[in-house]
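Engineer: Grabbed the feature section from TrEMBL, which reads as follows:
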- 6-23: transmembrane segment (TRANSMEM)
- 7-461: domain 'NADP transhydrogenase beta-like' (DOMAIN)
- 32-50: transmembrane segment (TRANSMEM)
- 56-74: transmembrane segment (TRANSMEM)
- 86-107: transmembrane segment (TRANSMEM)
- 127-146: transmembrane segment (TRANSMEM)
- 158-181: transmembrane segment (TRANSMEM)
- 187-207: transmembrane segment (TRANSMEM)
- 238-258: transmembrane segment (TRANSMEM)
Ligand code: NAP
């Protein structure tokens, strides 16, 4: 049985690796998902068939309660609320890691790692690391959830000597781990829980709204490492592999997003990046104001029909309005008129990594018309029209010109270089980072005020 389960765990692990590979491109993502589902089914069935499972009723009850809650949430959740849902789920992974470590500490015989007061040193290290990472993930994810849900301000919360305090708590955690390993003391373990809970809270608190995407993927990575820690405690190879896959892919994604946002990965891990400048000036764009020119959908249709090239820049507002289908219809009509139409995707457009790609794929936008920032930014200089639909921060030149801005340093889509820029949005509100966008006042900008879907549908009507 042991050899068979090891073999099946290996097959499941390979499925998970294939799943990650598949998810790296929109074309293969469905297949990737399928691999993931097959792998998870094999993993669950194999685990349930292990001889250590002595009774099923608790497991079935857990699956029924957890599965039921998950089903209801999945049915109800709006696409735009997914980031906070992900953050909430990460917190549960962290909490589970803490619970598993605590139960292993109080019943080590059940885990085959010793007896109370004399637990194997290696197991104590694994337990302590799982507890610390799990507790940091738990409170960090709760703060991220509260920020994304708007329960607390998205602005960075900074106070003097914050980094020193974080560093001191980090060192204290290491000392407590050493104490636990030396003494088997329950006080040491509970102190690790307490200090790590505080650390998770303090690490995420100073992070500003515009940097939340990186935080989400970083917490995703932490939750993976916490799961790997549980795997060591439970001596379950598959959990170790799966946790490590989640941990490392989350870390790679964070690295890619840091590069996209021009941030340092070390600052993210240590918490509080971008905090100082953001605190100084959130909400102030330093914009030179001019007059705002509002246009009609008919104006937009006329200009785009007569253009040679149009670059569409989708953002969070497109997701809110669910305007992707109308948008594709508009693009199809323009293509029929001989216009070259492309889509430009900023790495943090929307509210989760890949948000815009998912919505455009849902509307069957051809993949070869969708370009990443670095592949298309040059084209704005020769484009006739930039059609910005519900995007704001990702086009804001304050990221290049205002060192005091919370988004300073983030690469942006250079929409202002196009001959005409349309901004579809409901009013003059700032984007997620709370910074005014001076492009709204530029002479080559025309605002198309209204709900993104409604306005696009009217453009479609006027184009037909
Ligand atoms: P954004 O800066 O948040 O701007 C979205 C704009 O859409 C708003 O200015 C809003 O203006 C408009 N809008 C909202 N609902 C609309 C509707 N129904 N119809 C038309 N317009 C609507 O969005 P973004 O340019 O996509 O930038 C993303 C921001 O979110 C960045 O700051 C990024 O750092 C942050 N973020 C990203 C992620 C991620 O993983 N991608 C995660 C968390 C945070 P009105 O209210 O005036 O209409």
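Here the Cβ of each residue, glycine as well, is placed from N, Cα and C on the backbone.
Bear in mind that TrEMBL entries carry predicted annotations, made automatically and left uncurated.
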Engineer: When you check the transmembrane segment (6-23) against the transmembrane segment (238-258), do you get at least 3 Cβ pairs under 8 Å, counting only pairs 6 or more apart in sequence?
Structural biologist: yes
Engineer: Between the transmembrane segment (127-146) and the transmembrane segment (32-50), are there at least three Cβ pairs closer than 8 Å, leaving out pairs fewer than 6 positions apart?
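Structural biologist: Since fewer than 3 Cβ pairs under 8 Å link them, the transmembrane segment (127-146) and the transmembrane segment (32-50) do not come into contact.
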Engineer: Using a Cβ distance cut-off of under 8 Å, indicate which of 32-50, 56-74, 158-181, 187-207 has the most pairs with the transmembrane segment (86-107).
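Structural biologist: The stretch with the most contacts is 187-207.
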Engineer: With Cβ-Cβ distances below 8 Å as the criterion, list the same-chain residues six or more beyond the ends of the transmembrane segment (32-50) that contact it, or say none.
Structural biologist: 1, 5, 8-9, 11-16, 18-24, 56, 59, 236, 238, 242
Engineer: Mind checking which residues of the chain, 6+ beyond the ends of the transmembrane segment (187-207), have their Cβ under 8 Å from one of its Cβ atoms?
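Structural biologist: Contacts with the transmembrane segment (187-207): 94, 98, 101-102, 105, 127-128, 131-144, 147, 156-158, 162, 165-166, 169-170, 172-173, 176-177, 179-180, 215, 219, 270-275.
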